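According to Swiss-Prot:
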- 360-393: repeat 'TPR 6' (REPEAT)
- 397-430: repeat 'TPR 7' (REPEAT)
- 437-470: repeat 'TPR 8' (REPEAT)
- 527-544: compositional bias 'Basic and acidic residues' (COMPBIAS)
- 545-555: compositional bias 'Acidic residues' (COMPBIAS)
- 595-650: compositional bias 'Basic and acidic residues' (COMPBIAS)
- 658-672: compositional bias 'Basic and acidic residues' (COMPBIAS)
Amino acid sequence: MSDPEGETLRSTFPSYMAEGERLYLCGEFSKAAQSFSNALYLQDGDKNCLVARSKCFLKMGDLERSLKDAEASLQSDPAFCKGILQKAETLYTMGDFEFALVFYHRGYKLRPDREFRVGIQKAQEAINNSVGSPSSIKLENKGDLSFLSKQAENIKAQQKPQPMKHLLHPTKGEPKWKASLKSEKTVRQLLGELYVDKEYLEKLLLDEDLIKGTMKGGLTVEDLIMTGINYLDTHSNFWRQQKPIYARERDRKLMQEKWLRDHKRRPSQTAHYILKSLEDIDMLLTSGSAEGSLQKAEKVLKKVLEWNKEEVPNKDELVGNLYSCIGNAQIELGQMEAALQSHRKDLEIAKEYDLPDAKSRALDNIGRVFARVGKFQQAIDTWEEKIPLAKTTLEKTWLFHEIGRCYLELDQAWQAQNYGEKSQQCAEEEGDIEWQLNASVLVAQAQVKLRDFESAVNNFEKALERAKLVHNNEAQQAIISALDDANKGIIRELRKTNYVENLKEKSEGEASLYEDRIITREKDMRRVRDEPEKVVKQWDHSEDEKETDEDDEAFGEALQSPASGKQSVEAGKARSDLGAVAKGLSGELGTRSGETGRKLLEAGRRESREIYRRPSGELEQRLSGEFSRQEPEELKKLSEVGRREPEELGKTQFGEIGETKKTGNEMEKEYE
């Protein structure tokens, strides 16, 4: 380092300070130290500049000069925090951890900054690593300790770690590469991977032609190699003081003992690991990281499958739970086939080991997969199997709602309404307003499909009230729109109802008119049947009068003729017995004169038909002309009935009359 006294300084103190800080940040610690020295030449004793140059010396490994500048910065102001911190850092690097801890505490009391707090922590750790913590030391009362004399204690107390000046500046009488003589085994343990670099640099020192070369800055290759070796030696010495080899061996033994103790407590540790893993899997899934949740679940499942039943007594239940977690993550990723397989494995394990809760969980998840892919009937079958396993009212509420929703998708509105009402009832028992809202909407939608618009409006209004309670604006808008549609449906139904009623009234009027016509028709037919009877009665009466007149005339003639007195008496007797004789001989006369009787009977029938057919035919013609367009078949039947009745009546009456006339004529002939 050049002497500023021999040179003429051409800049100012702030310029040299700024230059030194820039070079320090660039890693040019030697040049930065030179700039700070120039600044101190212009303004001697500046404490900030002394601290800055102390940092440069510390980075260069010149610990004594670093400590000297740090102490010089505290001469004018012992409470200067930057100086205290720099002195503590230098003492810590030198391996004097106890004094470094003292200055860290002193600075922390003056200004509780993060640098002092971190310094206290690392100094305490270094002390514990060097001498061990009280928990790792076991005092044993064995043997005779009288050989430990006061002198030996004083000698041991005077043995302090010396500064590493001899490492940085080796003596002239010995080679440079022998400046750091340490145990190779110790150095290998301390340096670790850097030990290979140290061996390489030492091999380069053996090449005499190489070490004689010079660099552009005037430095020799030998100086560069020695700088690297000294750096490694310095840090290995620091690491040995920070954590000596015996401390490393002690820690290794402590780790082995700890592992043995942990191995004995493995069941509890395993349970903690499992619970923590399941919480992480669930947290990843709920936070939206389905891929991370799936990877974590598969990793834990692979590890659990390697364990035996002794380590994890409920291994089967745990495996089923992990399959369920994997399936849920696969659902979120859209891997429905894989999710279905995972949940079916969970169901198989639950059935095999009789785990009701796991079975309920698996059926729930399988139903969700079926519903996601549109297989609503399979989802219904799966969820209906889960109904007996549902324990809480809230679980039943959700289950009934999902089943009803599937029935609604299948256009089975009655079933959807039934399950919706069950869900509504369970939600009211639970007091869950959110599920009351969902159930009311489901019931209303089913009633709309059933065209029960009034009930649908009532349920939509209930759902709207609950949506306002939970401040669900989207649900409110959807329900209002559905209410409008339901009200329009009511109007349409009312219009249809009025039309049907009018049509019904019209049809009833026509039916009553038709009945009146039928009654009128029946009256006409009765009149048709009654007219032949009246004609027959009138004809019988006229015949009786005629016979009476004839008898009176004959009786008068008999009285006028005295010669026929005897005949008149006999004729009177004959008349008195005429009815009995005619009645008694009617059978014999009919038998004897069959031919004559049949001819007379047929003649009488023809006469009656000609007489009685004429008015019935005219009536039939009139009625057929009036009603032929409406009821032709019924009119034909009635006309045939009307035709048959007078014919039968005529046959009966005219047969008897013909026989009576025949008998009377024969009696008169015999009497004459």
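Start at 1 and count along the chain as shown; that gives each residue its number.
Backbone N, Cα and C atoms are what each Cβ position is placed from, and that goes for glycine too.
Non-local neighbours of the repeat 'TPR 8' (437-470) in the same chain are 397, 400-401, 404-405, 408, 411, 413-414, 416-417, 419-421, 423-424, 427, 476, 479-480, 482-483, 485-487, 489-490, 493; each lies 6+ residues outside the stretch with a CB under 8 Å from one of its CB atoms. The list of residues near the repeat 'TPR 7' (397-430) in space but at least 6 beyond its ends in sequence, with Cβ under 8 angstroms from a Cβ of it, reads 364, 367, 371, 376-377, 379-380, 383-384, 386-387, 390, 436, 438-440, 442-443, 445-447, 449-450.
Helix, strand and coil content of the repeat 'TPR 6' (360-393), in residues and according to DSSP, is 28 helix, 0 strand, 6 coil. When DSSP labels each residue, the repeat 'TPR 7' (397-430) comes out as 31 helix, 0 strand, 3 coil, counted as helix, strand and coil in that order. Residues of the repeat 'TPR 8' (437-470) grouped by DSSP class, helix first, strand second and coil last, total 30 helix, 0 strand, 4 coil.
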